[in-house]
Amino acid sequence: MDKLTDLNYTLNVITLLNSTLHTILEDPGMAYFPYIASVLTVLFTLHKASIPTMKIALRTSKCSYKVIKYCIVTIFNTLLKLAGYKEQITTKDEIEKQMDRVVKEMRRHLEMIDKLTTREIEQVELLKRIYDKLMIRATDEIDMTKEINQKNVKTLEEWENGKNPYESKEVTAAM
């Protein structure tokens, strides 16, 4: 029944607004009609939307001050947007949240920079070791046996019993 009464009240207010606006329209000197109509519509919408919302929020919320502050900031931001401003009103909580987000992002960037510098230092050390190993050393005699893979090659005199291990042998197998 309460909702029906509220609906009737809303319809009566809309009818009153329409009749008022029609009487204003008949006056030919009224040049600001669209602006007045927009302001009245916004005020009526805010009135109808904010009062039930505030009642519910105050009943369910533990901290009514924060709810009221949030609702007022939202209403002012809406009015600023309707007026064409791009700036918004922010509360201290929102500013602290943004500052925390910025600080967290800066910490993440610092950690990334630290990791990158550590990797670069390791790469420089690795390049130094590679350079040290590649340095040309002066020697009197160059051992070419490593280059032609003859370090483990035996001559005929070094073979066991003087036999060539690569010659084929006769193998007998039992059937």
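Glycine residues also receive a Cβ, built from the backbone N, Cα and C atoms like all the rest.
Residues or ranges marked as topological domain 'Lumenal' in Swiss-Prot (evidence: sequence analysis): 1-28.
Among the features that Swiss-Prot reports, N-linked glycosylation site is placed at Asn8 (among others), with the record citing sequence analysis.
Annotation for Asn18 (N-linked glycosylation site): no spatial neighbours, criterion Cβ-Cβ under 8 Å with sequence separation of six or more. For Asn18 (among others), the entry in Swiss-Prot reads N-linked glycosylation site, with the evidence type sequence analysis.
Residues or ranges marked as transmembrane segment by Swiss-Prot: 29-51.
Annotated topological domain 'Cytoplasmic' per Swiss-Prot: 52-175, in sequence order. Across the topological domain 'Cytoplasmic' (52-175), mean pLDDT in this model comes to 76.
The Ca(2+) binding site feature in Swiss-Prot is assigned to Glu120, Gln123. The secondary structure of Glu120 (Ca(2+) binding site), as reduced to three states from DSSP, is helical.
Using a 10 Å radius centred on the Cβ of Glu120 (Ca(2+) binding site) and all shown protein chains, the other Cβ atoms total 10.
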